[in-house]
Structures are given as C-alpha cells and as structure tokens.
Amino acid sequence: DGCGHTVLGPESGTLASINYPRTSPNSTVCEWEIRVKPGQRVQLKFGDFDIDDSDSCHSSYLRVHNGIGPNRTEIGKYCGFGFQMDGLITSKSNEVTVQFMSGIHISGRGFLAAYSTTDKSDLITCSDNASHFSEPEFNKYCPAGCVIPFADISGTIPHGYRDSSSLCMAGVHAGVVSNTLGGQINVVISKGIPYYESSLANNVTSKVGPLSTSLFTFKTSGCYGTLGMESGVIPDSHITSSSVLEWHNQTGQVNIWKPENARLKRIGPPWAAFISDEHQWLQIDLNKEKKITGIITTGSTLAEHYYYVSAYRILYSDDAQKWTVYREPGMGKDKIFQGNTELYQEVRNNFIPPIIARFFRINPLKWHQKIAMKVELLGCQFSIGRAPKITLPPSSPQNKNDKKNADFMDDFIHSMKTSLQTDKITFTPEIKNTTVTPSVTKDVALAAVLVPVLVMVFTTLILILVCAWHWRNRRKKTEGTYDLPYWDRAGWWKGMKQFFPTKSAEHEETPVRYSSSEISHLRPREVPTMLQTESAEYAQPLVGGIVGTLHQRSTFKPEEGKEACYADLDPYSSPMQEVYHAYAEPLPVTGPEYATPIIMDMSSHPSVPLGAPSISTFKAAGNQAPPLVGTCNKLLSRTDSASSAQALYDIPKGQSGPGSADRLMYQVPQSTVSKDE
C-alpha cells in the first residue's frame with residue numbers, strides 16, 4: 001500500500017512513494033521489480049529523496065537489490081531528510097528490486113526516482129527543469145512516465161516553455177517523447193517571453209505562465225507540417241465517413257454535415273455522424289503514403305450545437321481494405337487518444353513512432369451528445385524506403401501453435417511498420433519550423449546567400465556604367481574654343497555671377513588670351529598691358545590699339561548713368577609680357593554677347609590737325625571733352641606720335657580726322673549723336 005506514481009517501461013520508467021510530494025503515511029510498504037532486456041543493466045537515479053532517519057534507517061528506509069526473488073543481493077539501504085545522492089546506482093544484472101518502508105514518522109516526502117538501461121548516460125528525472133542546467137543547448141534522456149500530476153508546465157510549441165517547467169513533461173506535451181516509452185530530447189535555451197499560453201496536447205495540459213527570464217524549446221526532425229485538410233490540398237472526394245447527419249431546421253431547410261466539412265478552422269458546421277456509436281469513422285485518403293506524426297481535433301465550433309469527441313482510436317491502411325489499429329511499441333493493447341473537453345479548443349496528439357500510410361481513419365469512442373469533429377493531420381512526405389513486406393504461407397493455421405505463430409507475425413509486421421526509421425531522426429531544425437521539411441530548409445539557406453551576392457554584383461556594375469557615362473559627358477563639356485579651364489569660361493561665369501553681390505571695390509584682374517592671329521595684327525606699342533577700373537557689368541573700350549583688328553571679339557558699355565573710371569596708367573611704360581583685358585572675356589565666334597562694334601569708313605570725313613584737341617564720344621561733365629590727365633570720369637589716350645600727347649577716339653560727323661581709317665581708335669557708339677547733327 002506504499003506505492004505511488006509508477007510507470008515501468010521496457011527501457012526506462014518512473015517510480016515514487018505514495019502521496020509524494022506530500023508526507024507519506026505511516027506503516028506502508030512497496031516493492032518494484034524492474035526488468036530490462038537480457039544482457040543490459042539497470043541504472044537508478046533519484047530526483048528527490050526525503051525519508052525520516054530518526055531511528056537510523058531502522059523502520060523507514062529505501063533498499064535496492066540486485067536481482068528479483070529470494071536470491072537477490074542488497075546494493076544499498078538509504079534514508080535521511082533532504083538526502084543528496086550523487087551519481088547513479090547501477091545493478092549487476094538486468095533485474096533490480098526497489099523496496100520502500102515507511103514506519104512511524106512525523107515528516108518526510110518520500111522519494112521520486114527514474115531508471116533506464118545503462119546505455120542512457122544522460123538520464124534525468126521527471127522533476128528536472130531547465131533552470132537546473134547552465135548550457136544554452138544540451139541533450140538529455142527522459143524516462144517513461146513523466147506525465148505526473150504533481151508537476152506543472154507553462155507554454156506550448158512553437159513559442160516555447162517557461163524555464164520552471166518540467167523538461168520531460170514538456171517534451172511529452174510537445175510530442176518529442178512518449179510518456180509510455182521515454183526518449184531523447186534536444187533542448188535549446190533562449191530569452192523568455194512575457195506570456196505563456198495554455199493548451200492541451202498528448203494528455204498534458206499546460207498552464208498559463210507569467211514572464212520569465214528564459215524559456216526552452218526542442219529540436220526535432222521537422223516533420224510537423226500540415227498535410228492539407230485546412231488548406232484544401234486534400235480534395236473533398238478523398239474525405240469520406242461511415243454516415244452523415246442530415247436534419248431540418250425551423251425554417252424547413254435541410255442541413256447536411258458532410259465529411260468534407262471536417263476541415264480544421266473551416267467556418268461553418270463540422271462533420272457529424274448520423275448515428276452516434278462506436279462503429280462510426282471519418283476516413284482521409286492522402287493520395288500516397290505519408291509520414292503522419294500527429295493529429296489536431298476540435299468539436300463542432302458552433303455554440304448552439306455543443307458536440308465534440310472526447311476519445312478515439314486511430315486506424316491506418318495501405319489499400320483501404322485491411323486496417324491496423326495504432327499501438328505503441330511494446331504495448332499489447334490499442335492506444336486510446338484523449339480528445340476534446342469542449343467544442344472550441346484545439347487538442348493535439350502525436351504518434352511516436354509515426355504512422356506510414358496512405359489511408360487514415362478516426363474511430364470515435366466517446367463523445368458529448370453527438371459525434372462531431374474537425375481535424376488536421378500533421379506530418380511530411382515519406383521518402384525513405386520501407387521495410388520489405390513479409391509474406392505468409394497461404395495455408396491457414398491448423399493448430400494452436402500455428403495460430404500463435406500467425407499472431408506473432410501480425411504483431412511483428414505492425415511493429416516494423418510503426419517503428420520504421422525512428423532511429424534516423426535528425427535534430428537540426430527547430431520545432432517552430434513545423435511547415436518546413438529539412439530539404440526545403442537547405443534550399444532556403446542557399447537562396448539566402450546567393451540572392452544578396454547577386455544583388456551586390458549587379459549594383460556594382462550599374463554604378464560603374466553610370467560613373468563612366470558621367471565622366472565621358474564631363475570630358476566633352478571641358479572641350480572649348482579657346483581651350484580655357486572649365487571654370488574660366490564666360491558661359492560659366494555668366495551663369496554663376498548672378499549668385500554674387502555687385503562688387504564695389506577693385507576686383508582681381510582676369511587674364512584673357514587671344515589667338516596668335518589676332519595679336520599679330522597689333523603693333524607692340526598699341527597693346528596695353530592692363531587696365532584697372534571699378535567693376536562694371538559691361539566692358540569698357542580699349543585705350544589705344546587698332547580696334548578694327550579685334551573685329552567682333554570686344555564689347556563696350558552703353559552710355560547710362562555715371563561713366564566708369566580708368567586708372568591713369570601709361571601703357572607705353574608698362575612691360576609687354578602678356579595681353580590683358582580689364583573687363584570682358586573674349587566672346588565665342590558664334591556671336592557677340594552684348595553689342596557688336598560697328599566698323600565705319602571714315603575716309604569721307606574731313607580731317608583735323610593732329611594738334612586739335614581730342615573729342616570723345618563718351619559723356620563727360622558739361623559739354624567739354626575730358627582732359628588728358630587720367631582721373632575719375634576721364635580717359636587717357638596716347639598715340640605713337642612723338643610730338644603730341646593727344647589721341648583721338650571717335651570723330652563726330654562733320655569734323656575732320658585722320659585720313660586713314662587705320663588710325664581710328666573706336667567707332668561712334670550707336671547711342672551718341674554728333675554736334676553737327
């Protein structure tokens with residue numbers, strides 16, 4: 001009467017004292033006899049140990065023996081409050097006896113222990129949680145029987161489980177290990193989330209959990225994608241049933257809850273059987289053999305029709321003729337799956353090992369009011385070669401031994417089909433990638449690398465082409481008539497000078513270069529070296545030189561306002577190293593920028609003596625010609641005559657001037673009228 005929670009599996013199991021984790025009752029006893037396969041040994045690990053030692057292990061203790069029966073030998077006797085047992089207790093054979101005695105005591109929780117074969121070196125107990133391990137990723141072996149009433153879990157897949165949850169119990173809930181068989185888990189620790197959801201799966205209910213610093217998830221084979229009920233990949237014609245519910249509503253309309261209505265999350269009524277008994281079924285044809293790892297079910301999802309299935313069996317077939325009931329390996333009875341507890345909640349059950357079949361059938365065993373449900377299948381494509389089919393002799397069994405052999409062969413074939421390739425599961429993808437198979441994951445990873453590389457290559461080529469085109473256009477723009485730098489050209493200055501304020505002080509001289517043909521027409525003493533004046537928008541006339549030789553390349557400022565000033569510089573005493581123009585840039589050959597000088601024939605004009613005062617067409621104060629001394633609003637002119645320091649600019653009509661037009665300094669501006677006129 002001292003035995004508590006107990007699950008003894010073929011390779012592992014869990015055992016606990018009665019009433020654990022509360023105080024065990026007085027005067028109780030329990031013995032567990034554990035057997036594993038011959039040739040293997042048993043290892044025992046304690047998750048919790050709290051037995052009264054007030055009488056030095058005389059009346060309350062735990063004793064472990066090698067073997068079973070009268071020939072067993074004692075390995076050890078243990079007692080103590082909060083006793084910490086380091087390491088494992090290992091047997092010498094494949095059989096172990098565990099004996100628990102509880103005498104008169106006041107306190108003491110008893111014990112919780114797990115066992116497995118010695119090849120499971122990373123065995124843990126059902127009480128271990130993620131906070132007991134510091135590694136970010138680790139592998140452990142969970143024993144059978146970790147669905148215990150005194151442990152809690154919070155969370156679900158794919159979001160993860162709270163770090164306070166039992167690792168093995170969460171593994172059963174996630175569908176990575178079986179409660180009746182145990183198994184290996186691959187745990188990954190990550191940052192916690194603020195809220196953990198509640199769900200029901202594999203007969204384990206996870207609770208709502210608050211914020212935690214960390215959580216854990218499991219790595220699996222990745223074969224948890226939906227197989228087409230919800231999405232419609234499975235056509236309606238491939239969904240059949242034993243019967244269909246038909247009924248008339250209050251308006252007289254006929255309602256038919258057909259089997260194709262049994263699609264998870266599909267709005268509307270579910271599939272419902274016309275007769276509610278244990279012989280009803282819902283059948284799904286997957287079109288070819290698939291690897292089926294789980295099933296999700298709901299009730300009617302209609303508030304006015306509170307129908308759902310609470311328990312069911314699973315059958316599968318290759319030809320829809322001969323059906324096999326799903327059983328867990330090593331179990332001699334059909335597995336009954338827990339269904340829904342209400343009509344809305346989605347309940348998941350996993351198949352460990354998975355089912356390999358084309359035809360899948362659900363056989364309801366318990367229900368609420370009527371048999372009604374919606375379903376979805378989980379799994380993936382089956383690409384691994386199947387085990388060879390075993391053919392039996394056609395003769396029927398003639399005696400009891402033959403019948404036993406036939407039953408044995410049926411069980412063997414069933415075991416081969418359900419456990420095929422279960423030891424070849426890879427643990428690389430995380431369970432959150434439930435809709436991606438491992439082969440697709442590799443393609444996605446390859447594309448994630450190639451796409452950015454190709455984008456960078458094409459972007460680089462485009463940038464190179466754009467830069468080459470821009471350089472070519474800029475090079476063409478730099479080719480001008482006078483071969484001046486790009487920033488010295490008149491066109492550039494014309495476009496930029498509008499952004500500068502008007503200058504009021506002396507400005508910096510700008511050198512101008514003429515072609516050799518133009519300079520050859522000028523006499524050395526007729527070429528000024530530099531003229532300085534205040535800034536003006538238009539060019540001032542050149543002082544000295546033969547204007548006619550410049551043709552259309554020079555401009556002058558029209559008469560308006562106050563005349564500009566020229567500096568009193570002597571062009572003859574200046575060194576003649578370069579030719580400068582004080583104001584205007586040379587105009588392009590295509591045409592003048594402001595005004596075109598007029599070349600007039602002065603041969604018909606009467607000449608005047610050289611000693612006569614010079615007359616300028618430029619406006620001065622009053623009506624007098626400006627004196628020769630160079631001051632503000634005065635012009636200085638010189639000629640090549642040694643006897644005279646005067647020079648003529650322009651001669652009004654009716655007055656005589658030099659006889660040769662070559663001696664003219666400038667033409668008459670168009671806006672000036674002579675006194676004779």
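Indices start at 1 and increase along the chain as displayed.
Positions of Cβ are set from backbone N, Cα and C atoms, glycine also.
TrEMBL labels come from automatic prediction, so no person has curated them.
Database features (TrEMBL):
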type     : residues : note
COMPBIAS : 668-677  : compositional bias 'Polar residues'
DISULFID : C3-C30   : disulfide bond
DOMAIN   : 3-118    : domain 'CUB'
DOMAIN   : 120-216  : domain 'LCCL'
DOMAIN   : 223-380  : domain 'F5/8 type C'
REGION   : 647-677  : region 'Disordered'
TRANSMEM : 444-469  : transmembrane segment
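Around the Cβ of C3 (disulfide bond), a 10 Å sphere holds 15 further Cβ atoms from the protein chains shown. Sequence-distant neighbours of C30 (disulfide bond) (same chain, 6+ apart, CB under 8 A from its CB) are D1, G2, C3, G4, S17, I18, Q99, F100. On the 0 to 100 pLDDT scale, the domain 'CUB' (3-118) averages 91 in the predicted structure.
Counting residue by residue with DSSP, the domain 'LCCL' (120-216) contains 11 helix, 38 strand, 48 coil.
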